[in-house]
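**Student:** My structure is below; once you've seen it, I'll send some questions.
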Amino acid sequence: MATAREIPLNRTRNIGIMAHIDAGKTTTTERVLYYTGVSHKMGEVHEGSAVMDWMEQEQERGITITSAATTCYWLGMDQQYPKHRINIIDTPGHVDFTIEVERSLRVLDGAVAVFCSVGGVEPQSETVWRQANRYHVPRLGFVNKMDRAGANFLRVVNQVKDRLNANPIPIQLPIGAEEDFKGVIDLIRKKAIYWNEADRGRTYELADIPEDMKAEVQKWREKMIEAAAESSEELMDRYLEAGDLSPEQIRQGLRQRTLANEIVPILCGSAFKNKGVQALLDAVIDYLPSPTDVPAIRGEEDDGSEGSRSASDDEPFAALAFKIASDPFVGTLTFFRVYSGILKSGDSVYNPIKGKKERIGRLLQMHSNSREEIKEVRAGDIAAAVGLKTVTTGDTICNQQNIITLEKMDFPEPVISVAIEPKTKADQEKMGVALGKLAQEDPSFRVHTDEESAQTIIEGMGELHLEIIVDRMRREFNVEANVGKPRVAYRETIRRSVEQQGKYIRQTGGRGQYGDVWLRIEPREPGAGFEFENAIVGGVVPREYIPAVEKGVREQMENGIRAGYPVVDVKVTIFEGSYHDVDSSEMAFKIAGSMAFKEGASKADPVLLEPIMKVEVVTPEEYMGDVVGDLNRRRGMIQGMDESPAGKIVDVEVPLAEMFGYATDLRSLSQGRATYTMEFLKYAEAPSNIAEAIIKQQS
């Protein structure tokens, strides 16, 4: 049996705070750290000192880039709970960093979605919400900034329902709004809560519900109780009998339905004004899952069968690395989430994806950017290890006697690339090291050398993503670099099926070369990727040469068909061929495979694909005509329009190639008043005139 734990697993919460850029997520996290007694002076993003935003660029830009993991403890607003441990993973809200969000969601058990009471559900919230649905993460909603002009709690609740297709259940109502926002009504306790300004909301008073709100409170309280009662027949019977449920029963019913992802309890407040975050912490304990409430994590056992690890100290150790960060003091930090078992510093672990064994040096628990060294971590913990050499994001680390590979994370392909060159000879060597480290930290960032031009090319998820990489290179590694113009990551594919022979024969003195294959090349659904099938019967091409044929095809796919861009979404089947006892070799079959693909693909109606971005522009009405006209000029397809307090919202799909420098153009079109967000949506066929121009340029 494992030794006793300081805090039982069912009193642990691993949560993320997700939000749109300006919903106030960082301030909310800050307040959480303040009330849980970790940070003594509250950081404000406006002053650029927030505890969670520990990379310099974040402090300058006021947006959160890296998900730092922080541990804190909470006993409840009235000290009504035994001690709970809450691990918070901060997730970025900016669209170029959806990869970070994806990583955090992967290791969370629950999440708090922060919405701005004025802006409501913004496009970024929708993206993150969809990601959270994919990982089945139970969530709470917190409508923040209730003190701002234009604040409207119920409008946001309706947007959560309409835009996110969720089932929001308010468990609080605000008392007043804008500058009259005074506190909240706790619908479960039927009391008004007013936090004391004097001690920054550390204490509060309970009072009766204001007269003018009683009818409204009654209406929303009934909705909440009905939602709780639907969790079980037993509660429903009790509710139908008595017409009410006790606070314990309400919480029990709401918890059950939140964990099942059937409802989203909604709270409100103003983190900046120190109101409501304390009750939000209580809700995290009341409604979000502990590691024992979520299904056991699945994976692949060493023998290839499906396995799982449940959250317990007694199971073999298994953890998932979800973030790598370079730290100026200790070197590489690997953040990981422990799913099962116990790990002590000094233990050896196995990385099944790389097939390597490593020894764990120091173990650290983070509080934003200060750290505490710990001796061991247990199931459900989130910590960082120092000095792991081979582990990259998404890798499993586990006990060597009980090997399991936890499901890998999927990372999106980069859509934009730029050439980068060092300014001086001295920067040359440092640049390679710096880019290597940054690529290890961030799987959505890639580096390669262009064979023809010998330039170093960096690829990423958007202009901002690459700007920040170049910026970090300058600050953290002192490398000055010149950056070329951004280039779009086009792809190629085919539209019809063909069958093609590839025959490679060289009869020179001594041993010759002989490889002969017939390939069927077929288009696949967009996004389906590459598939290679061996349909050879009767051994007309021996088994050992098949991988060489596939390799030849893959290499040729990288070189493109017409424009030199990678080929995607094709299925290649080898169905016929011949070989020579003496002269056949892997080399010959690789060349034959590559010849057949090159020849065949060029007859299969090849087309050029370009990345299409989902763009949402928010603009004051008076600039609407100019903004839409400009988007049409950029080959934009308008998908819809909507109203919001911030102005008109235009949803549009635009080719990435037309979006370079858009930020500057939009600023001048709207005198700086319009804003936009952009994320990758899909690859689509480029119109023939555009494709021809690109092919010409490439050749």
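Just so it is clear, glycine is given a Cβ too, placed from its N, Cα and C backbone atoms.
If you look up Swiss-Prot, you'll see 19-26, 90-94, 144-147 marked as GTP binding site, on the strength of sequence analysis. The domain 'tr-type G' annotation in Swiss-Prot covers 10-292. For 292-312, the entry in Swiss-Prot reads region 'Disordered'.
Situate these features within the shown structure.
**Tutor:** Distant neighbours of the region 'Disordered' (292-312): 9-10, 109, 259, 318, 320, 339-341, 352, 379-380, 396, 403-407; these residues of the same chain sit at least 6 beyond its ends, with a Cβ under 8 Å from one of its Cβ atoms.
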**Student:** Far apart in sequence but close in space: which same-chain residues, 6 or more away, have a Cβ under 8 Å from Met146 (GTP binding site)?
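**Tutor:** Those within reach of Met146 (GTP binding site), by Cβ under 8 Å and sequence separation of 6 or more, are Ser117, Phe153, Pro174, Ala177, Phe181, Cys268, Gly269, Ser270, Lys275, Gly276.
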**Student:** Tell me, roughly as an integer, the mean pLDDT over the domain 'tr-type G' (10-292).
**Tutor:** 82
